[in-house]
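These features come from TrEMBL:
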- 270: active site, proton donor/acceptor (ACT_SITE)
- 123, 191, 212: Zn(2+) binding site (BINDING)
- 136, 215, 216, 223, 247, 305, 306, 307: substrate binding site (BINDING)
- 131-146: compositional bias 'Basic and acidic residues' (COMPBIAS)
- 124-146: region 'Disordered' (REGION)
């Protein structure tokens, strides 16, 4: 039976994990034996709430195909991501519906793909129209919260929208939050210019997450009362952050970690459609982009980012380097916390649990690299 030998990410103890029929059947203390898959560390496969695409493929594309969905999910697996929420961002209602139909068709045709896709994240279109908070979302597609539109899109997604990011200051946002939460969907605050009072109203209505906190913001904020501090200081809100080394400075990542604690912080890579492409210059969607060797994606000749170019594995490694938290805490932020937010089962390294494992190498202060991707030993 397939066996993975590595150190337990929680304790550092050397273990051998035996699997059969997709489940962990035994865990033994000890060193690798002949025929084992070997890695330095092992944990349950990771979960990312926000993947927009990869390899030049966008889940928002009008010509998205089922084969492209397979390519993106397979590539995410190679970076340790066992499950994810494909994310569609602000666009027309017809384009949202098309993306959801293609994704659901892909899941219908492939049971493994259906296991990897845990639902969909809809980021927009009910966001701030202001420059800064709006980020890269197209202004002409930003629109007021609309329960009927959300219901039509949820029908197109066949009930698989699990997370909705919106700006709570928009007219009608608070009653929409209440209805969306009552329907079983998690609501996040993001791309917002809300007042602190409006943030509090959103939390009272049921919002439980801040989407990529610290990004999608004005360059200048009031020093005391602002939407960033209000979300940071609200214990009822989890927060996702993008610790890729580019979206947030190291000091701010440390502050977020100390205030929110690893129990309320979620790692997301927020991978863009350019993630996974080789370094170089690209012309896409009528714009020029440059991918550096580090994975940073920018607009040539400017200091501006143009999305995220890395995946969850690099974000975990950067989080460890920036904050000094334990490996177990960092893995929990990329696995347990997003699943807990969505009300999904939490996998463990324990007999009877899914054998969807990731083996990886990591030394303190260094990068993290996946050597045994999810699915390799779970047959």
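Cβ from N, Cα, C; glycine included.
Of all the binding-site residues listed here (136, 305, 306), the one with the fewest other CB atoms within 10 A of its own CB is 136. Distance noted between the C-alpha atoms of residue 247 (substrate binding site) and residue 270 (active site, proton donor/acceptor) is 10 Å.
The residues near the Zn(2+) site, meaning same-chain residues not in 123, 191, 212 whose C-beta sits within 8 angstroms of the mean position of the site's C-beta atoms, are 50, 89, 124, 127, 135, 137, 165, 188, 190, 211, 215, 216, in sequence order.
Residues within less than 8 Å, Cβ to Cβ, of residue 307 (substrate binding site) and separated from it by at least 6 positions along the same chain comprise 52, 136, 270, 272, 273, 274, 275, 297. Taking each Cβ in turn and tallying the other Cβ atoms within 10 Å, the top scorer among the binding-site residues 191, 215, 216, 223, 247 is 191. Long-range Cβ contacts of residue 212 (Zn(2+) binding site) within its own chain (separation 6+, distance under 8 Å): 50, 190, 240, 241, 242, 247, 268, 270. Annotation for residue 123 (Zn(2+) binding site): spatial neighbours 50, 87, 88, 89, 90, 137, 165, 190, 191, 211, criterion Cβ-Cβ under 8 Å with sequence separation of six or more.
With helix defined as DSSP H, G or I and strand as E or B, the region 'Disordered' (124-146) counts 3 helix, 0 strand, 20 coil.
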